[in-house]
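Following: one structure in C-alpha cells, then a few remarks.
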C-alpha cells in the first residue's frame, strides 16, 4: 500500500533495530533520576513492568489492526473508540511526539555546546548548534514516506549506545561514595517517576510505520521484531539506570551525563555518540507527528490522492516549530515528567489497551463466566497471515482458552496503569 521507489523493506531481525531505536531515545539518560524518585526497589520492578506492558501494547495494536483492516493508529482508534478516542489519541500523540522531538533537540544543543566549549577555539551558542544540526543532519531524513529507509541509520544509532552505557558504567564508580545511596522501596516522587519510565518506553507512536516497513507483514514477524526491540531496550535501560543511580544517588540529574565533569574525555566521547544517536532517532519520532497531522488535515498523499507538496510543506512547518521550541526551553526534568504523564501514558498504554478490548478480542467478563464461545477471525488464528489482506475476514466460533483470557486481563492492566499515570501523575507534577 505504501510501497514506492523510496521505501526499503526489511526483515524482522533487521527491523527490530528500527523498533529498538524508536524506544531508546533521550529518556535513557533520565533513568537514574527516575529510579531515585521512584525508589530503588519499586523503580526496578516498574522498569521491567513498563517494558512488558509496552510490548503488549505493540502486539495489541497490530492484532486489532488485523481484525479491523486498519494500519493507521488514528483510524484504528476511531474505529474502536469513536470520535472521542480519535481526538484523545491525536491530541495526546501530538503533545507526546512534539515534546519528544523537542527534547532530542534540547539534548543535542546542550551536549553540542559542552563539547564545543572544550574542543573548539571559538564559543558556540546553544541555538546555533540546534539550528545547524537540525537543518543539515535531520531535516533531509524527514521526506520519506515511512521509516523503512531509516533502518540502516537506526542500526548506526543503536550501535552508539553500548559505548555510552559502558562509559557511564566504567566512569561512574569513580564518583561513587560522595553521596549516600538510598535503597528504600519507595522514593519521594513515585508518580512523576512513572511518567519518565513511560516516556522511556514510548513506542506505540511508531507501531504501524515500523510494521509497514517489514518485508513479511505478519503477526509472527511483528512479534519477533517488537519482542527483540523491547527486550533489548529493557536490558539497556536497566544497565544504565543501575550504574548511574548506584554512583550518584539522589544527586542524579535529568541527564546523567551532566553529573560528569566536562573534562572527562571518556564521557565526552559518550556525549558525542549520544548526540549522533539522537540525530538519527529524531526522525523516528517525527514521522508519527507528520502522519497524525496529515491525517487530521486529510493531506496524506497515499490516503487522499493529493499532491505531495502539501505533505512536504507540513513537514517543514512542523519541524520548524520543534526547532524553535527547543531553542527556547531548558528544563529537561520537568519536560520528561510532564510529557510522560500527560501524553505518553495515553498513547502507549491507555488507548492501545482500550483499542484491544473493543476491537482486538471478543472476550468479555460475562463470556468468561458463562464459557460462551466467541467469534474469532480465522486470520487471527494464523500468525503468518499478513495484516491488511484484501480477502474478507471470515469468523468461526472458538472456545475461550487461557491465552485469550490472559491477554484480555493484561489489556485491562495496561488501561489501569495508563489512567493511573496520566491522571494522578499529571496532578502530582502540577501540584509540586
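Glycine too: its Cβ is placed from the backbone N, Cα and C atoms.
If you check TrEMBL, you get these features:
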- 7-35: transmembrane segment (TRANSMEM)
- 17-357: domain 'Amino acid transporter transmembrane' (DOMAIN)
- 41-63: transmembrane segment (TRANSMEM)
- 84-106: transmembrane segment (TRANSMEM)
- 118-143: transmembrane segment (TRANSMEM)
- 150-170: transmembrane segment (TRANSMEM)
- 190-208: transmembrane segment (TRANSMEM)
- 220-246: transmembrane segment (TRANSMEM)
- 266-289: transmembrane segment (TRANSMEM)
- 310-329: transmembrane segment (TRANSMEM)
- 335-359: transmembrane segment (TRANSMEM)
- 405-429: transmembrane segment (TRANSMEM)
Cβ contacts the transmembrane segment (335-359)/the transmembrane segment (150-170), at least three under 8 Å, sequence gap 6 or more: no
Segment proximity, the transmembrane segment (41-63) to the transmembrane segment (118-143), 3 or more C-beta pairs under 8 Å: no
The transmembrane segment (405-429) touching the transmembrane segment (41-63) per 3+ Cβ pairs under 8 Å rule: yes
For the transmembrane segment (84-106), sequence-distant contacts whose Cβ falls under 8 Å of one of its Cβ atoms, 6 or more beyond its ends: 25-26, 73-74, 77-78, 130, 133-134, 199, 202, 205, 278, 281-282, 285-286, 288-289, 292-293, 295-296, 318-319, 321-323, 325-326, 329-330, 332, 335-336, 338-339, 342-344, 346-347, 351, 354-355
Recorded stretches the transmembrane segment (190-208) and the transmembrane segment (266-289) touching, at least 3 CB pairs under 8 Å: yes
Residues of the parent chain within Cβ reach of the transmembrane segment (310-329), under 8 Å, 6 or more residues beyond its termini: 98, 101-102, 105-106, 109, 126-127, 130-131, 134, 138-139, 142-143, 286, 289-290, 293-294, 297, 299-301, 335
